[in-house]
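Below is one structure, written out as structure tokens; comments come after it.
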Amino acid sequence: MSREHTRQSRRTMNSGKTAWWKTRLFSGMTNDIRRRAPFYWSDWKDAWDYRVVPATVYMYFANILPALAFSLDMFEKTDQSFGVNEVLLASVLASIVFSIAAAQPLVIVGVTGPITVFNYTVYNIITPRGTNYFAFMCWIGLWSLVFHWILAVTNSCNGLRYVTRFSCDIFGFYVAFIYLQKGIQVLARQWAISDASAYLSITIALLVTAVAYICGIVGQSSLLQRHVRKFIEDYGTPLTVIFFTGFVHIGKMAGIELQKLPTSKAFFPTSDRGWLIHFWDISVGDVFLAIPFAVLLTILFWFDHNVSSLIAQGTEFPLRKPAGFHWDIFLLGTTTGVAGLLGIPFPNGLIPQAPFHTTSLCVTRTVSDSDDEANKGHTRRVVDHVVEQRVSNLAQGLLTLGTMSGPLLIVLHLIPQAVLAGLFFVMGIQALEANGITAKLVFLAKDKHLTSRLDPLNQIERRWVIWAFVGLELIGFGATFAITQTIAAIGFPVFIFLYIPMRTFLMPRFLTKKELGILDAPTASPFTMESVGGNHGQVVEPSVDEQVIQESDDAERGMHQSPVHFEGTELFARLGELMAGRHLFLAGTEIQHYADGDESDFGSETDSRSGHGIEYNSTEELQSTMADCEIRSA
């Protein structure tokens, strides 16, 4: 690559640094539509792939089962205002709208843990005043619709360039503990029946947790044949639910009364009302009282939904189709307003279901760690590509709609609440395992003498920096989790939002660029972040002319992506990802790390078109190559 081209790339970036924040109304949404529109037909055509079938089934259960558990939580804490049908309809509304019209159709949208906290906290504040709860929630949704549209029109999602793994990991850690807490709360309510019911429920919940978790382990192992492993990984969780729903009727367990999931009449609200909320049945004062609640809801959704989108399109996924954050925030405002009018929970991006959806659509291949016959069994799976389409999201939404029918509601009523508690535990454990805070805590707990020298955290000379960074993350999580246990839980979105300026402006004063580059990194690839002007530290200002369509066509064919030059801290971040065993794409070639501890086999570069490989003999050689080249996103 010529030096002149490199200098030209830097000049392009420098010229964009003063322009990315300028508010050109509607430009973000317009650019998102123009970038994504050329792919719309292929989003449907590309669904003719086997991975879509298990992804649909997996996401149907991964979405509906936690939603049912959340419906139980809101049913208990809002005096039966929200039930199964309301939660299911919210998921249906979101999946249909976002699968058909969104710029990021891989993102699964539904009812989340934070919104359940929001709903019953508002209930506890409003109902003692004698205010109509559903009318008040409707006005919260309508005001939030206006605020979402304002954020979309003014290109507010450009602020996502400052969102890194730091704030995402804190929020993901919080969501994981919300799942665990809800599971414990469900089991605690079983003592209302009898001691026998409570102890049997605990046993069932732990068995569901163990079996579903083992299914995930088997899917990632080298046990059994590949197709058998994949079947267990894809369908293990729903089969576990079905099995233990029947298991409680075996032997003496059949004589123990267990609380079941409460359901209502098919396609009707849980309470005695219609689907259209009488939003006019409220005082003018309460209409304006809903504004601060709507502001808090908008802050929560701006962060929660965008973080879900970022994680679902993370650096570990070799995506080829562009993202569109501004347009999706506009759509989210629309669904929020409609949900308010229907009297159903407000849907938004789901964690961890959104990244699980992308993972389920990954087509993998097995790569040997060594050509030596003696080490032939040392293999690992790498992601070849992702089946980027809209059908799996739409199909799981239509299946959810069918679940609101009478026969299936009868089936749902057979599910013991203990099984739902076990699902909460599984989701929480899986979310914790995938969290960056957990990874750093595991590193700190290891014996330093038995830790691989290739671990990127070993590059940090000041070990106390790692402790301090993790400590800040845990303090942020603790503050968020603590406030949600009080009546002030309505304000927890503000705590979440404050993590962004803390990371951007405060932490660089105490940590070096190298340390931040290793400890923290952009959540999504530069290609994904083009919608919002690139990651912090490098700027890509998307154009709105015909070149956008040409670049999109090139991306669909796996060709040129917008170049991004990495310096200093970004280089260490990318090198750290490489050492962690992730995928990077260097000038159209795939770099794979051979983690066998032998520096002579440090890495290889395999051309994605020709299949020819280039060996790197040391970390320094690879780092030098990365520094001299432009890294292009996959």
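Numbers here mean position along the shown chain, with the first residue as 1.
The backbone N, Cα and C atoms fix where each Cβ goes, glycine too.
According to TrEMBL, the domain 'Bicarbonate transporter-like transmembrane' annotation covers 24-188 (among others).
If you look up TrEMBL, you'll see 57-75 (among others) marked as transmembrane segment. With a cut-off of 8 Å between Cβ atoms, the residues of this chain six or more beyond the transmembrane segment (57-75) that come close are 81-84, 86-88, 91, 95, 108, 110-113, 116, 119-120, 179, 182-183, 185-186, 234-235, 237-238, 241, 261-262, 270, 345, 350, 353, 356-357, 360, 392-393, 395-396, 399-400, 403, 412, 415, 417, 420-421, 423-424, 427.
Sequence annotations record features per position, and here TrEMBL assigns transmembrane segment to 87-113 (among others). Here the transmembrane segment (87-113) has Cβ contacts under 8 Å with residues 32-33, 35-36, 43, 59, 63-64, 67-68, 70-71, 74, 175, 178-179, 182, 304-305, 308-309, 312-313, 322-325, 327-328, 331-332, 334-335, 338-339, 342, 344-351, 353-354, 356-358, 361, 386, 388-391, 393-394, 396-398, 400-401, 403-404, 531 of the same chain, all six or more residues outside its ends.
As annotated by TrEMBL, transmembrane segment applies to 133-151 (among others).
Within the same chain, residues 66, 112-114, 117, 303-304, 306-307, 310-311, 351-352, 424-425, 427-429, 431-432, 434-438, 473, 476-477, 480-481, 484, 496, 499-500, 503, 507, 520-523, 536 sit at least 6 positions outside the transmembrane segment (163-180) and bring their C-beta atoms closer than 8 Å to a C-beta of that stretch. Residues or ranges marked as transmembrane segment in TrEMBL: 163-180 (among others).
Under the heading domain 'Bicarbonate transporter-like transmembrane', TrEMBL lists 196-522 (among others).
If you look up TrEMBL, you'll see 200-223 (among others) marked as transmembrane segment.
Counting residues 6+ beyond its ends, the transmembrane segment (235-255) has Cβ neighbours under 8 Å at 54, 57-58, 61-62, 65, 200, 204, 207-208, 211-212, 215-216, 218-219, 414-416, 418-419, 422-423, 426 in the same chain. Summarising the annotation, TrEMBL assigns transmembrane segment to 235-255 (among others).
Among the features that TrEMBL reports, transmembrane segment is placed at 275-303 (among others).
Annotation comment: TrEMBL describes 398-415 (among others) as transmembrane segment.
According to TrEMBL, the feature transmembrane segment maps to 421-443 (among others).
Residues 166, 169-171, 173-174, 177-178, 437, 440-441, 443-444, 457, 489, 491-492, 495-496, 499, 502, 507, 510-511, 515, 519-520 of the same chain lie 6+ residues outside the transmembrane segment (464-483) yet bring a C-beta within less than 8 angstroms of a C-beta in it. Per TrEMBL, the feature transmembrane segment maps to 464-483 (among others).
Annotation source TrEMBL lists transmembrane segment at 489-506 (among others).
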Residues from the same chain, set at least six apart from the ends of the transmembrane segment (200-223), whose C-beta lies under 8 A from its own:
183, 186-187, 190, 229-230, 232-234, 236-237, 240-241, 243-244, 247-248, 253, 256, 258-259, 377, 379, 416-419, 421-423, 425-426, 429-430
